[in-house]
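Student: There's a structure below that I have some questions on.
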Amino acid sequence: MAPQEGAFLFGLSEDFILKKAREVCKCNHQTIITFFCQLFPVLDWLPRYNIKMQLLGDVISGLLVGIVAIPQSISYSLLANQDPIYGIYTNFFCSIIYVAMATSRHNFVGSFGVLCLMIGQSVNRHLQLAGYDDNTGSLLVGNATSSSNGTGTCDRSCYAITVALSLSFLVGLYQILLGVLQLGFVSVYLSEPLLSGFVAGSSLTIITSQMKYLLGLNIPRHEGVGSFILTWVDLFRYIQNTNICDLVTSLVALAIIIPVKMINDRYKDKMKAPFPIELLVVIIATVVSYYLNFEERYKSSVCGAIPTGFRKPTLPDTKLFSSLAVDALPIAIIGFAMTVSLAEIFGKKHGYAVHANQEMIAIGMCNLVPSFFYCFASSAALTKTLLKESTGTQTQLSSLVTSLVLLLVLLWIAPLFYSLQTAILGVVTIVNLRGGLRTFGETPRMWQLSKLDTVVWWTTMLASTLITTEIGLLVGVCFALLCVIFRTQRPRAAVLGKVSNTEIYEDQSAYRQLSSIANIKIFRFESSLYYANKDYFKTALYQKTGVNPVLLAARHHRAETQAKADTGNRKSVFNTAFGCLKPSKKRVEKSPTGIRLPSLDMHTLIIDCGAMQFIDTTGLSVLKETRHDYQELGVQVLLANCNPLLRRRLRDGGWAAGAHGGQLAFHSVHQAVQFAQHSDSYLEAQ
């Protein structure tokens, strides 16, 4: 090519690339509107909001969720190792942001028990590293107003929220990156049994962490491997120090809340709204504690002073990022997995589309932006989302109503909870874990449906409980992936028979009255064929067909060698060694080496590839070896039900270079059977 022609072609390609780049990157009015409508779905649905049809349901649902969110915000703060005010901040700010950016109409984003547990563990670990030694295990003593604002030192409460908001910033950053990079598919590795087992194990850990509040014990909060067992050891060690007032209060609260919540669940279809028993118990307990002076008379632990109003925005502590980066990753994954799962469930139920990547961006913003306003990490809250959906919410406008309820608490009502016992907060936390604990009763049915899924559930649950929640999640994911590998490494294999008067072929061990095809074996391998299961493929094939060509060839070779050495009478020795194979008088094959071989009870092997989604180079080599080994015995090998990808791989790998060319792979088992029968008739005629 001449230099002028090359320069000309280069110029054309450069112009073409620039033209395409301008088309992709061009920015006009419509493009900007579309971008902002995708980033903020509220701009799409709010102008079409039907006040007459939707407003009443949103207002009622928002009020009821707000009433439930008040005690849960305070109790989950205790779980996250934070002051009560920060739990209210979290639910308030997250609700507002999620309204603007969510595609789900029913999710409620706020404090979630499992995430609060993981946050509390990370916060407590950093408090210990920073030298804050508090054996009381409580941060609920009115230190929320103390902070490092440049004029004073940062106390334990201040450092705890600094760690939590820095952690929330990283969690939000991870989730936004996952959404922007379209990496929402990573949630598929968190299977339903895995998530269920993780939630169940975390629920046991949460109950264990709250028992000291129910008993009124001052014991340290253990972290790391074995914290579950160590906490129970301390509970029994100091059981004689139980605060009777806290214990009685806890038992009374449990005796009231649990039956009422069971009634709510049983008659939820007949009730317009569940009875807000938690808020009622919190109010009554606060009033009783105040007038009977439980704090002074019985040394009962109470919430203490809760400030009103909002604090000035702050920045995350970048010095903590390096130590929090690992802690933030599992929180981010669990957070967006719960959010996307709930969004998709209710989206399908109510018939609207949910965009997983946009949900990831939305939940990421709900963690990143509130981190500047003293909030900890959040996600879709299961209990409040279910309540929101069951009370008739229509749009995310109901979350704004919930935010208004929380705003009243922040501005005026919060100080009234001064005398609320921490034992009541522990009770509220525990009773909301019934959903996670209920899965224990579902394991027998799960065992009947899938034993491997049940093993994944128990493995994840035990690892999350006995080791740590983060390691438990990692163990669950790795074990679930190993189970997938195990399923493909040792899949089912079967010999097929024909259903009479049809073209259908099924497993002879699973169905009765199937007829075998004379001198034809049909083998089905119910998995893709790749390097990890190549040996099992051969083993299953030889076992199911009853013919091991490698072993027969080796025996034949030894027999021929012995015959030549002893008498030279090849035919006599051959018949003696292989008399059990019943040589056929119809056809005698010759191997490629010219040695005459006996006919077996099969002349064709058909491999049903219908379950093979893919085949790698190792699997292709195994198929070629199998064909070669069986052809040594005079048995032809045919493939059936190959998908287009598999046929292309076979063609590129030289499979069709055999004696019959491209006819060695068929679209159905029946076509392969007909071909085998026709070729056998042709050879007999010859």
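Every residue, even glycine, has its Cβ placed from backbone N, Cα and C.
Quick paste from TrEMBL:
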type	residues	note
TRANSMEM	55-74	transmembrane segment
TRANSMEM	86-103	transmembrane segment
TRANSMEM	158-177	transmembrane segment
TRANSMEM	183-207	transmembrane segment
TRANSMEM	244-263	transmembrane segment
TRANSMEM	275-292	transmembrane segment
TRANSMEM	320-340	transmembrane segment
TRANSMEM	360-383	transmembrane segment
TRANSMEM	404-435	transmembrane segment
TRANSMEM	455-486	transmembrane segment
DOMAIN	510-676	domain 'STAS'
Student: Against the transmembrane segment (183-207), which of these stretches has the most C-beta pairs under 8 Å: 275-292, 360-383, 455-486?
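Tutor: Against the transmembrane segment (183-207), the leading stretch is 455-486.
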Student: Any chance the transmembrane segment (455-486) and the transmembrane segment (320-340) are in contact, meaning at least three CB pairs closer than 8 A with a sequence separation of 6+?
Tutor: yes
Student: Which residues, given as numbers and ranges, are at least 6 beyond the ends of the transmembrane segment (360-383) yet have a Cβ under 8 Å from it?
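Tutor: Residues packing against the transmembrane segment (360-383) from afar: 39, 68, 72, 80, 82, 85-87, 89-91, 93-94, 97-98, 101-104, 107-112, 115-116, 119, 161, 164-169, 171-180, 184, 310-311, 313-316, 328, 331-332, 334-336, 338-340, 342-343, 432, 435.
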Student: Tell me, please, if the transmembrane segment (55-74) and the transmembrane segment (244-263) are in contact, taking contact as 3+ Cβ pairs under 8 Å between residues separated by 6 or more positions?
Tutor: no
Student: With pairs fewer than 6 apart in sequence excluded, do the transmembrane segment (404-435) and the transmembrane segment (158-177) have three or more C-beta pairs that lie under 8 Å?
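Tutor: They are not in contact.
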